[in-house]
Amino acid sequence: MNRSAVAVAAAAATRRGRDPQRTGRAAWSVIAVLILVSYNTRIWWQPLNGDPAILRGYLSELAAADQPHHLFFRAGDLVAAVLILVTAVTGLARVGRGVARRWWAAAYAGLTLLAASIAAGAIFPMDCSPSLDRSCAVAEHAGAVTPAHDLHTLAGVGVEIGLLGALVAGSVALRRVGRPRLSWLLVAMIVIEVIGLSVITGFFSFGVRAIAYPQVLTVLNASTAGALAALGQAVAALHRPRGGR
């Protein structure tokens, strides 16, 4: 289809009340909201699990294979992973030739790793909840768990690497394109993430059984990063030429 035909089609869609740019913005805005909602399903732990002892460990224990409604929590993570991946791949495909193109590419690559790691964690859940099951904790310590259990742990590491990489690269890219306020927002998210990870590490080292509480910050940070990336695509949709890129 040549450009004139595309322009005519876009104009016709606009006359019918379906402005492609606004439709794109609305779609990406919905994706942003869905990322926030789907990756924070743990807020429903009380009605779906109800055992406060599980908050002594990692939030992902709610999705352990032996826990009630674990498929709900895994499904939420998988939906978030797919939406973040769509956002990241779209961003990579639309990286232009500006001064910050390499930083944008690095940021979207980080989001891709984040999405892949979230998906891996959903597909390969923990065998059981070490916080609720003493035998599970013993098996975990002895290395007697299944490969899926270990893969879930590795996926958690991938989430943090992908998230921090995306935030660092994104903050540099935003500064280079003259968006210092948004850049500082990502810097603040980096600080929050580092603090959250430090508290989790401290709790783990000193035997404080309340890891889930600081982990809420890191999960919210990850979902916010994905949502911001989707909102970035929403803004880009408004500035994209009608009928094309």
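From the backbone N, Cα and C atoms, a Cβ is placed for every residue, glycine too.
Features as listed in TrEMBL:
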- 26-45: transmembrane segment (TRANSMEM)
- 71-93: transmembrane segment (TRANSMEM)
- 105-124: transmembrane segment (TRANSMEM)
- 154-174: transmembrane segment (TRANSMEM)
- 186-212: transmembrane segment (TRANSMEM)
- 218-238: transmembrane segment (TRANSMEM)
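Listed stretches 26-45, 71-93, 154-174, 218-238 were compared with the transmembrane segment (105-124); the greatest number of C-beta pairs under 8 angstroms is found for 154-174. Same-chain neighbours of the transmembrane segment (218-238): 21-22, 24-29, 31-33, 35-36, 39-40, 42, 59, 80, 83-84, 87-88, 90-91, 94, 107-108, 111, 114-115, 118, 159-160, 163, 166-167, 170, 185, 189, 192-193, 196-197, 200, counting only residues six or more beyond its ends whose CB sits under 8 Å from a CB of the stretch. Cβ atoms under 8 Å from those of the transmembrane segment (71-93) belong to residues 28, 31, 34-35, 37-42, 44, 48, 62-63, 104-105, 107-109, 111-112, 114-116, 118-119, 121-123, 125, 223, 226, 229-230, 232-233 of the same chain, restricted to positions at least 6 beyond its ends.
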